[in-house]
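Chemist: Before I ask anything, here is the structure I am working with.
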Amino acid sequence: MATGRAKNTKWARWLSTAGLIIVVTLPATTMAAERTGLKATAWKPLCKLTTELSKVSGEMLNKGQEVISNIQKIKAAEYKVSIYLAKNPETQALQQSTLLRGYFARKTNGGLESYKTMGLATQIRSARAAAYLKGSIDEFLNLLESLKGGSENKCLVTTNADTAATRRETKLDDQECALSMPETKPEAATRTELTQTGYPNLQHGGGGTANTFQPTTSTGTCKLLSGHSTNGYPTTSALDTTAKVLAGYMTIPNTQVEATLANMQAMGNGHKATAPAWHEAWEARNREAKAKDLAYTNETGNLDTQPTLKALVKTLLLPKDNTEHNAEATKLEALFGGLAADKTKTYLDMVDAEIIPAGIAGRTTEAPLGKIHDTVELGDILSNYEMIAAQNVVTLKKNLDAVSKKQQTESAENKEKICNAAKDNQKACENLKEKGCVFNTESNKCELKKDVKEKLEKESKETEGKDEKANTTGSNSFLIHKAPLLLAFLLF
């Protein structure tokens, strides 16, 4: 019996020793990963995302310039048609050209208004949201990267707890990861990390003991990623709740499990409450104004499907009380010989072929309008032709006044001749009463009434005075009757 007891006691001691050894060595081999650093599989996608986000402000600047460039192209087209009309006031394509000029003017004004009130705001919103999210990511990654020293403190690791990520200028290990905001330059960019659906390359999950994003516990630790009161950053007392970092992407637990990464791959309305910064950057990205938007480009398709052109026809060419069905389409078809989209090409080609000679607006060589694209130069050319047109109006007005003066002078002389032809025949003179004739009993001859003669002479002098002063503010009705083509020119 004694021998048996001794053996049992010895066996018990051996088991106790073995158990102690297992307990002592267990943390180094199988303890949960709640206090180790963040694996590269988790932080590298964040680096890719923050690198992409750093380019959004430059991308928005580039998109804004593209929008303005598109509007300028439409403005250039408006200038060209206006120049053609100013240069060719008697063109047979007056209505078609005027309609096209009005279309381009509406598109230009509408595009500027749309960009001023809506488009620009969407681009600024996207740049702002991207910068805010990038700041949240950069701040925490920078903190994790900085928390290292010796063999124990490592918060950004590669694949195991003891190998910290190494910074080489703008890279962490082999991954571009500049935690700063670069200079804003207008550049196009490709979106791969923040797409129309969300953040497809970000990891998600964790929250257990499977070492998904934090490696097995070893010498290297990162207590910042654990809210456990024994193994994490709290002292003695447990935390009331879990901690949210990275703008809601990561949850640091207050139990002995690893951190949890939220699913940001497919964004939706639910993220607006749980991760507002991520939701805002995603939503803003999908609402950015782009140069290809209809507000900033020419309309396409059949003429009767182009809203701007139809609205212009209704305003300019149809009676206000028109109730005819498809009246706009009927008018467009009559003007352009059909409704196909290319029916305006004939008139636009005619405008582009118009030659602007050397000497106009400082040009040293002649060129067709189709080869001139700068809006400043086109504006100068239009101003030049408008000045020529204004001078032509002054010259024509003077010529018309001279003709009127001559006609009035001849009228007075002719009337006086008619009266004088009656000579001393009083009865014949009385028959010319309606012509302004009166019989002078003293001189015994038929004469033009004194007041009629004075009136005609006065009108003649007034006309002569206006001609000398080059007065260009005379009756428009006079010009309308005398120069209908000039009036048409002035209207355009």
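A Cβ is built for glycine as well, from the same backbone N, Cα and C atoms used for every other residue.
According to Swiss-Prot, the signal peptide annotation covers 1-32. The annotation disulfide bond is assigned in Swiss-Prot to Cys47-Cys177, Cys155-Cys222 on the grounds of similarity to another entry. Positions annotated as N-linked glycosylation site by Swiss-Prot, on the basis of sequence analysis: Asn298, Asn471. Annotation comment: Swiss-Prot describes Ser475 as GPI-anchor amidated serine.
For each listed feature, how buried is it and what is near it?
Modeler: Under 8 Å, Cβ to Cβ, and six or more positions away along its own chain, Cys177 (disulfide bond) finds Lys44, Cys47, Thr50, Thr51, Leu141, Thr170, Lys171. DSSP classifies Cys177 (disulfide bond) as coil under the three-state reduction.
Around Cys222 (disulfide bond), a 10 Å sphere centred on its CB holds 27 further CB atoms from the protein chains shown.
Its own atom aside, the Cβ of Asn298 (N-linked glycosylation site) has 14 Cβ atoms within 10 angstroms in the protein chains shown. Secondary structure from DSSP puts Asn298 (N-linked glycosylation site) in coil.
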Chemist: Long-range neighbours only, meaning 6 or more apart in sequence with Cβ under 8 Å: which ones does Cys155 (disulfide bond) have?
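Modeler: Sequence-distant Cβ neighbours: Gly37, Leu38, Leu143, Leu144, Glu145, Leu147, Lys148, Ala164, Cys222, Leu224, Leu225.
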Chemist: Within 10 Å of the Cβ of Cys47 (disulfide bond), how many other Cβ atoms are there?
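Modeler: There are 25 such Cβ atoms around Cys47 (disulfide bond).
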Chemist: According to DSSP, collapsed to three classes, what secondary structure does Cys155 (disulfide bond) have?
Modeler: coil
